[in-house]
Amino acid sequence: MTAFSFPIVGFDLDGTLFDTGGDLAAAVNVTLAGEGRALLPTEAILKMVGAGSRHMLGEALAATGGCDDALLDRLYPKLLVAYEADIARLTKPYPGALDALDQLAARGVKIALVTNKLEHLAEAMLAGLGLRSRFATVIGGDTLGVAKPDPAPIREMIARLGGGRAAFVGDSRFDVEAAHNAGIPVVLVSFGYRLDAIEALHADAVIDHFADLIPALEALPA
Ligand SMILES: O=C(O)COP(=O)(O)O
Ligand SMILES: [Mg+2]
């Protein structure tokens, strides 16, 4: 078998490999309820995911009566406690995600997780689902002090995995920009948590199902 075109493939977590929206939305709503705020529908909360959980909470507070830094500082720890307490209750891999990881691993590809979730929460979620061993490395939004769309997490992924040609798979503007800022191509999944229209993001490829991932990676220009 000839070597796969990308010896390193990185994945975003929320809305890409894992449907985390139910548990994220529950934690946001527990936090809003504790403040006497109105609850938000899951679909509204999903549009707030991508730039980290503090940003998500800020948007949720802004949408339910207002937000300032002092309020966010006070409620953010509560959100994290609520989320970690139930981090893998509704969360599950998207259809075909684990198969795609298996197929890449069978081709000798090194697989990374690069998320804007806090690293310890990403680790807790993976441990809760028994899936940590699928990833050669996990880089969170707080691992380097800068998060996607900064290219640093993508560059760190490539460095940790020994260098070589890499591609990234994500669901949001933050993923496309981080990958392109690091100079690597990005495959966008159409089913994740996205505020922007797909066409506005200029991904190198778009897939609707993980069964299409390997052909999409193979079709990317060398
Ligand atoms: O925590 C977030 O807002 C987003 O996390 P992600 O980078 O895995 O999509
Ligand atoms: Mg995402």
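In case you wondered, yes, glycine gets a Cβ from its N, Cα and C as well.
Pulled from TrEMBL:
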ACT_SITE  D12  active site, nucleophile
BINDING   D12, D14, D171  Mg(2+) binding site
For the recorded Mg(2+) site, enumerate neighbouring residues of the same chain (Cβ within 8 Å of the Cβ centroid of D12, D14, D171, site residues themselves excluded), in sequence order.
L13, G15, T16, L17, F18, V49, G50, T115, G170, S172, D175, V189, G192, Y193
State the Cα to Cα distance, in Å, between D171 (Mg(2+) binding site) and D12 (active site, nucleophile), rounded to an integer.
7
